[in-house]
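All remarks here apply to the structure that follows.
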Amino acid sequence: MVEISRRGLLAGSAAVAAATVVGARPALSSDATIEISSIWGPDKPFQKVVDAFNALKTGVTVTNRFDGDYETATAKALAGIAAGKPPAMMTTGWKFGYYARRTLGARDLNEIDSEKAASIIANFVPSLMPLVTIDGAVIGLPWAMSTPITFINSALWQEAGLDANLPDYPDTDWLYEAARKLDAALKGKHATYRSALALSNNEWTSQSFIQNAGGYIIDPDGKLALNSAEAVRGMELFCQPAHEGLWTPVSGKEQDAAFESGALAICTTSSTRAASFPFGAAKAITARFPGIPGQARKMNSGGNFLAVYARNDEQAKASLAFLEFCASAEGQKIWSEVGYLNTSVHDIPLINDFMKPAAGQLQDGLTAETIWPGKRGLEGQTIWRKWVSRMLMKEVDVQAGLKGAHDELAAVLQDA
Amino acid sequence: MTRSFVAKLAPWLFVGPAVLSVVVFLYGPILASAGLSVVDWNLLSPQVDFVGLNNYRSLLANTDFQLSAWNTFLYCVILVPAQIVLPLLFAVMIHAVRGSRMERVYRGSLFLPTILAYSVAGVAWSRLLNPINGLFNEVLVFFGFGPSRWHTDPDLALLCVCLVTFWKSFGLNMLLWIAALANVPDTLREAARLDGAGPWRRFFSIELPLISPTAFFISVTTVFSVLDDIVGVVDVLTGGGPAGRSSNLLYFLWQQGLQFFQFGPASAVAMVSIAIVLAITCAQFWFGEKRVHYQ
C-alpha cells in the first residue's frame with residue numbers, strides 16, 4: 001500500500017488543480033445562449049436546423065421558442081423589447097419589413113459585424129438581397145421564400161379528358177378553359193369532385209395577377225398604383241373564375257382540405273404545399289402560376305427572414321454565428337425540407353418534382369410581396385384583402401373596387 | 001397586537017389579494033388604455049404625442065369600425081336572447097327527467113361543447129361548413145338543394161358565427177338554469193299542482209320567480225360573454241370576413257392592437273366598448289334588479 005504524506009497530498013492536489021486550470025478551454029467570447037422567437041414548433045425542420053447547430057458545440061446555444069404566427073410573435077417581441085428583454089432573433093414576415101426595422105429596431109447585419117455579414121450574405125443569390133434590405137440595412141437573409149404555383153389533381157384532370165402534358169408557361173386562357181372543361185365533365189357526375197378552381201383569396205396571388213398584367217400595387221417609386229389600366233386588367237382576370245362560378249373563394253385551410261380530399265381540381269397556392277400536401281390522395285401535378293396572355297410574367301414571392309433584435313453585442317454576434325450556419329450548405333439542406341425555395345448559391349436538390357415549377361419561377365425572377373410602408377402600413381394588407389373580397393363577391397365592379405382600395409390605402413399610407 | 005386590531009385587520013387581509021389583483025389587472029389596464037387612447041405612441045419610441053380625441057374622431061369616421069359596431073349590436077340581439085332562453089328550455093327538459101339514467105347523458109352531451117377550445121370548435125365547424133365539400137353542403141345536395149356558401153356568404157357569415165358561438169357556449173347557462181331549477185322546493189310545485197295549476201302556470205308563477213336571481217345573473221354575464229366569446233370563433237372561422245361582415249368590436253380591437261400595432265386607436269375602441277358594456281349593465285341593473293325575487 002502506498003503511503004501518501006500530507007505534503008505529498010497537497011502537492012498532488014495543487015498539480016491536479018493547476019493542470020485543470022491550464023488545460024481547461026478558455027471561455028470563448030462567443031459563449032452565449034440565444035433565444036429565437038419563431039413561428040415553428042419543435043416538430044418542424046427549423047428545430048432540426050437549431051439542433052444541428054447546437055450539436056456543433058460552437059459555444060453558442062440556440063433555443064427555439066415557438067411564439068405562434070407572425071402577428072403573435074411580433075406582439076411578444078414588442079412587449080419584450082419594451083421591457084428591455086428582446087428576443088435575440090425573431091422569424092419576421094417580409095410584410096413586417098418596415099415595422100421590423102423602423103419600430104422594432106431590427107439590426108443591420110453589417111453593423112453587427114461587417115466582415116462576417118459579408119461572408120454570410122455571399123451564400124445567397126445576390127439579386128435576392130434587395131428583398132431583405134430595408135432603408136439600406138440588411139436585416140435578414142432571404143432563406144424562407146416561397147412563390148405561388150399551380151397544383152392540379154391529376155386523377156380528376158385525366159377523368160375530364162384533359163392533356164396531362166402541361167405547358168411550361170400556362171396562362172389564364174388555358175387554365176380557365178381547363179376549369180370549364182372539368183366542370184362540364186365532372187360536376188354533379190363525380191363522387192368527390194365539387195369545384196374546378198381556387199386561386200387563393202390572398203394578397204400575393206392577386207398581386208401576381210396585377211404584376212403579370214404589367215401593373216403594380218405599389219410601384220418601384222413607392223407610390224400606390226392601383227388606378228392603372230394594367231391593375232384593372234389583372235384584377236378582372238383574377239376575379240373572372242369567381243364571377244363565372246368556377247371558383248368559390250374560401251379560406252386557405254378550407255381550400256387545402258378540399259384539394260386534399262379530391263373535391264377541388266386546381267389550386268394555385270404557396271409552393272411550400274409541395275412539402276405538405278398529402279399527394280397520395282390528391283395525386284397532384286404542378287405547373288407555374290398562370291400568366292396573362294401576351295404579357296411578360298412578373299411573379300412575386302412571400303416569406304420570412306430571421307432578423308436580429310438583440311441590443312447586446314455578444315447576443316448579436318452569437319446570432320450571426322447561427323445565421324452563418326443557416327446560410328451554410330448543411331443548414332440549407334436541412335432547411336429545404338420545409339418546401340421553401342433554394343435561394344442560396346449551394347447546390348441543394350429539390351425535395352420533390354412538385355417544386356420544379358417553383359424553382360423555374362425563381363429562375364425567371366421574383367419580386368417581393370407587398371411591404372406596406374408608413375406608420376399604419378400593417379393595415380394595408382387587411383384593407384387590400386377586404387377590397388379583393390368585395391370584387392370577388394361582385395359587391396363592387398373591379399374598377400370601383402380598385403378605386404376604393406386605392407383611396408382607403410392612400411389615406412392609411414399618407415405618411416409613407 | 002390587540003384582538004380588536006386583528007379583528008379590524010382580518011377583513012383587509014382576506015380581501016386584500018383579490019382587491020390588489022383587480023386593481024392591477026383590471027382597473028390599471030383600463031386607466032392605461034384611457035391614457036393610450038389620447039396619444040400616438042408605439043410603446044417603444046421615447047416620443048409620445050398627445051393627440052386629444054383624434055383617435056376617437058378617426059374611429060367614428062372609420063367604416064370598418066361602424067360595421068363592427070353594427071355587427072356587435074346584431075350579435076347581441078341574436079345571441080343574448082338565444083343564450084338565455086334556449087338553455088332554459090334545455091334545462092327545463094332535463095329537469096323533467098331528473099333522477100333518470102338519461103339525465104346525466106343529456107346534461108353531459110349538451111355541456112360537452114363548452115369544454116372545447118374555441119380554436120378546436122372553429123376548425124371543426126369550418127370542416128362542416130366548407131362551401132366546397134363540407135358535410136352540410138353534402139347533405140343539402142343529397143336532398144336536392146343547391147349548396148350554400150355558409151360563412152363565406154356575406155349575408156350568412158354573421159349567422160354562422162352565431163350558430164357556432166351558441167353551440168360552443170350555451171352549456172354553461174344551461175347548467176346554471178339546471179342548478180336554479182333544482183333549488184326550487186318540490187313542495188311548492190306539488191302545492192301548486194294540487195291547487196290545479198298546469199305545467200305552464202307552475203313554470204311562470206312558481207319556478208320563474210324563484211329562479212329570477214339566476215336569470216338576472218345570466219342576463220348580465222351573457223352580455224359580456226357574447227361580446228367576448230365571439231372573437232375566438234370569428235378568428236378561426238371567418239377572420240372577420242367576408243369584407244368585415246362577421247367582425248365585432250372586440251375583434252376589431254384585436255386587429256388594431258395586435259395585428260396593426262396601432263395602440264392609440266385600439267385603446268379608443270376599448271374605451272368605447274367599455275362604455276357600451278357599462279351602459280348595458282347599468283340598464284340591466286336598473287330594469288332587472290327590481291324584478292328579481294329573492295327568497
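Any Cβ shown, glycine's included, is placed from N, Cα and C.
Heads up, TrEMBL stuff is auto-annotated, nobody curated it.
Sequence annotations record features per position, and here TrEMBL assigns transmembrane segment to B:12-36 (among others).
Summarising the annotation, TrEMBL assigns domain 'ABC transmembrane type-1' to B:69-284.
What TrEMBL lists as transmembrane segment is B:72-97 (among others). Counting only same-chain residues 6+ beyond the ends of the transmembrane segment (B:72-97), those with a CB under 8 A from a CB of the stretch are 103, 106-107, 110, 158-159, 161-162, 165-166, 169-171, 173-178, 180-182, 203, 215, 218-219, 222-223, 225-227, 230, 248-250, 276.
Summarising the annotation, TrEMBL assigns transmembrane segment to B:109-128 (among others). Sequence-remote contacts of a segment are chain residues at least 6 beyond its ends whose Cβ falls under 8 Å from one of its Cβ atoms, and for the transmembrane segment (B:109-128) they are 90, 94, 134-136, 151, 160, 164, 167-172, 174-175, 229, 232-233, 235-237.
Distant neighbours of the transmembrane segment (B:156-182): 71, 74-75, 78-79, 82-84, 86-88, 90-92, 94-95, 98, 107, 110-114, 116, 118, 121-122, 125, 129, 148-150, 207, 210-211, 213-215, 217-218, 222, 225-226, 229-230, 233-234, 237-238, 241-242, 245-246; these residues of the same chain sit at least 6 beyond its ends, with a Cβ under 8 Å from one of its Cβ atoms. The transmembrane segment feature in TrEMBL is assigned to B:156-182 (among others).
According to TrEMBL, the feature transmembrane segment maps to B:203-227 (among others).
According to TrEMBL, the feature transmembrane segment maps to B:260-287 (among others). Among residues of the same chain six or more beyond the transmembrane segment (B:260-287), those with a C-beta under 8 A of the stretch's C-beta atoms are 30, 33-43, 51, 55-56, 58-59, 65, 72, 216, 219-220, 223-224, 227, 249-250, 252-253.
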